[in-house]
Structure formats: structure tokens, C-alpha cells
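Structure, as C-alpha cells:
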Amino acid sequence: MAKLDKEQVIDDALILLNEVGIEGLTTRNVAQKIGVEQPTLYWHVKNKRALLDALAETILQKHHHHVLPLPNETWQDFLRNNAKSFRQALLMYRDGGKIHAGTRPSESQFETSEQQLQFLCDAGFSLSQAVYALSSIAHFTLGSVLETQEHQESQKEREKVETDTVAYPPLLTQAVAIMDSDNGDAAFLFVLDVMISGLETVLKSAK
């Protein structure tokens, strides 16, 4: 077998994540999937927490592409596009939201975070406002992903069990259909635009 490297460990762990979810993911079964003894894995990931942190970082590196503003992009468009890209990256993998929850920027992400803050400060926000804007939208996006993925998992369980049809009132019937129609995309964009509109008000009131 060729020499094991961390990239292979993470790639195989991501495949396994889609198969078993975060609860079923262990360093033991990652080692089994790769075909090595568990102690060999410890050269690259010391424990499950280190494995999850590495997975979170890799998911963003591979799939979160709109991390910095494009030339002439407005701060509103950047926040919107950044959040959409972040959400899409987390939805690429089973339990992607849970994998990311609780993490902080790694050293490789420091410069990106610095440039994001500087961009918002240059747009007129104070540093604290820039921090709150970025963190609030990130937390909302993560919450949206967690809710979407939990709904997907619970829906799979419901489909395994025969249940009686529930008779909803007319408006609630339509509301359920709306919420189930597009994986939560429209609801996410609606609230995201509300948040950005609120930030526009904050910026205007500061002038």
C-alpha cells in the first residue's frame, strides 16, 4: 500500500460520512475503510474532534467558492453570494451542518476573514458591525442547513413507517407544500434578503 497521507484520510472520511453520518463516523471505521490499523491514522488525525475539524475545513476549501468579494461587487451582493456559497458547500455532505457547527476559522482561513472584515469596514461599517454582520449571517446560514438536513433525515425515517394522512387546514396545507417544495431555498433567500435590508438601515443610520 502506498504511503498514507492526510488528504487520502479526509477524502475517504468524507465518503464514509455520506454513508453513515456524523454519529456513525469514527476513527476506527475510517481506518477500516482505508485498510490500515487505527494507530496508523493517529499520525494524521489524533481523535474524532480533530477529524471533524479537518472535514469541516476541507468541505469549505473544496466547495465554498465565493469567499471574497469580486471586483466591483457591492457589499450586499457579496454577503448574499457568500452565504449562498457557504450553504451550498455544507449541503454537499450528509450532516455537513453538524460537521461545521462549533468550529472557528483555522489558520489557513485567517487572511480570508481579515479581508472580509476590511471589505465591510471600507463599505462604512464599524468593526463591531462588520463582525456582527458576518457572524449573524453565518449563524443563520448554518441554522438553515441544520434544519434542512434534519428534515431530510426525519423524512427518510417517516417514509419507512406507514402513517395516517394528516388533514391540515387549507392555509396550513399550502404552507407545508411551500416549505417542502424546494429544500428550503426560497425561505433561506427570503430571510437573507431581510437581514441584508436591515444592515442597509444600520449603515444609513450611522451616516
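Here the Cβ of each residue, glycine as well, is placed from N, Cα and C on the backbone.
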26-45, 66-85, 86-105 - the range that Swiss-Prot marks as DNA-binding region: 26-45
Integer Cα-Cα distance in angstrom, Asn82 (tetracycline binding site) to His100 (Mg(2+) binding site): 16
His64 (tetracycline binding site) and His100 (Mg(2+) binding site), distance between Cα atoms, whole Å: 13
Secondary structure content of the DNA-binding region (26-45), with strand meaning DSSP E or B: 12 helix, 0 strand, 8 coil
Residue among the binding-site residues His64, His100 whose Cβ has the most other Cβ atoms within 10 Å: His100
C-beta crowding around Asn82 (tetracycline binding site), within 10 angstroms: 22
